[in-house]
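Engineer: Please find one structure pasted underneath; my questions will follow.
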Amino acid sequence: MGSQEVLMDATKLASYSVILQILFRVLTFALNAFTLRYVSKEIIGIVNVRLTLFYTTVVFLAREAFRRACLSHSAQQSWRHTIHLTWLAVPLGICWSFILGWIWLQILEVPEPEAIPYYNIGVWAFGFSAVVELLAEPFWVLAQAHLFVKLKVVAESLAIIIRCSVTVILVLLCPQWGLLIFSLAQVLYTSALALCYIAYFARFLGSLEAEKKPFPLRRMREFLPRFSSSQAFLDWKQAWLAWSFFKQSFLKQILTEGERYVMTFLNVLSFGDQGVYDIVNNLGSLVARFIFLPIEESFYVFFAKVLERGKKVQSQRKEEISMASEVLESLLKLVTLIGLVIIAFGYAYSHLALDIYGGSMLSGGSGPVLLRCYCLYVLLLAINGVTECFTFASMGKEDVDRYNYVMLGLSLSFLCLSYYMTLWLGSVGFILANCFNMGLRITHSLLYIMRYYKGSPYQPLIGLLPSPVVVCVLAVSAAVTGYSEVALCCDKGWLLCLGHIVVGGLCLLVTLGAAVLSEKKLTHFIRSHLLSRHQRKEQ
């Protein structure tokens, strides 16, 4: 498959993933807004922070390293060895479920049974759901590697709809069940997800479509691990790469979910405050989840397939390295512009957004300040996602091992900084600590990219510099919307609040127009690779 075809499939995957993330977040926010009226914020804190952290930790530590190693491009790649490697995620997930389950029940603070019953059942249910999801890992890796873009969207959409439907029905009919509702919904979610992948490949293999595609498997039983006396069970080069990523996964998980670990292990916030923080945090991460994460996941596949891992620029094929440089520059430009727009408009609309979503419980106190700080974090999160996407896709094993030490230092500094800044500033301290560490991670990735392209004519990092016209328009928009908030929002009635929204909409249109007119190269990239598929369909 040529680099152009890989790029088209990767952009298609990103588009579908954005749709999936929008569906997921819209349903999640609607569900949170609904459940806030029927269950306590303490239960929301337990589910969204404590139990979800348990589940994501098990899943991440069990599969992340295998995913990165198995999706890396190699001319000698054997899919039999790859499948064997992905199956190791299941026993690893079982081990982590028992180890972390014991910690969650015996070491951490346990809520009072009278206030929040069924906590023990909730812990084991979320651990079981993680193992169920890992059963679909071989199918997920094959689907992702061969860019089955619609499968992921359909599977996760159905699973999300099932979870939300079960939660709403049980909250209405049996609100006294508390954590049992969310535990059952979580198990059904991962079960539906795994069954969708298995059912799809059961139908796909043996069909005419499978015969036409260069798919490496022909029967379902080939997904199962097989021992052979004439062939090694694993590709040890691939296994050692996975081991390097596995060591790194501990540190990356701490950096990704650091504030939740601090909340969970150090008890700096009550369960109720954790619930409020999580809701505000989710609202602040809307764009990150809608756009940035799908871009990172999809274009990691692109970079991993186009670039030879561990090789210098001079050793790469010219067409591939040129394409990778162009894509990296355009992605950096895109996410930087989106992040700057969020900063410019986020300050003036944070209070209104929280007031609409959760009322005075969220818009009062530190909620608006927290969301405004999160706008800066979103910009850093966007840039880091793209730079690390390229970095991890091009690093060799030795580079990954060296980066593990960097991650160790970042993890330790982040935990210490989060703890002390939270004691000093409350929940806002979490966001500021995240900003500091994200800045350090970006700096490391930028230095790596500069070394990677040193001695070549390519300069993809200029994508971090928006045009002066766009910067000026953003500054004016921030000033206008800031004045609009003071004059029209948020305690002056809904009619004036609507006027504040109209002012922001007009400023946003002007900003988008300035970006389209001044960022010609980015506009061409979006039209060529993100919109061309829809244009071909219309023709």
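Heads up, the Cβ atoms here are built off N, Cα and C, so glycines get one too.
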Engineer: Would you mind telling me which of 250-270, 376-396 Swiss-Prot tags as transmembrane segment?
Structural biologist: 376-396
Engineer: Quick one: sort out which of 144-160, 433-449 is the transmembrane segment according to Swiss-Prot.
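Structural biologist: When 144-160, 433-449 are checked in Swiss-Prot, transmembrane segment belongs to 433-449.
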Engineer: Take a look at 168-188, 283-303, 334-354, 460-480, 494-514 and tell me which one has the most Cβ pairs under 8 Å to the transmembrane segment (376-396).
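Structural biologist: Most Cβ pairs under 8 Å with the transmembrane segment (376-396) come from 283-303.
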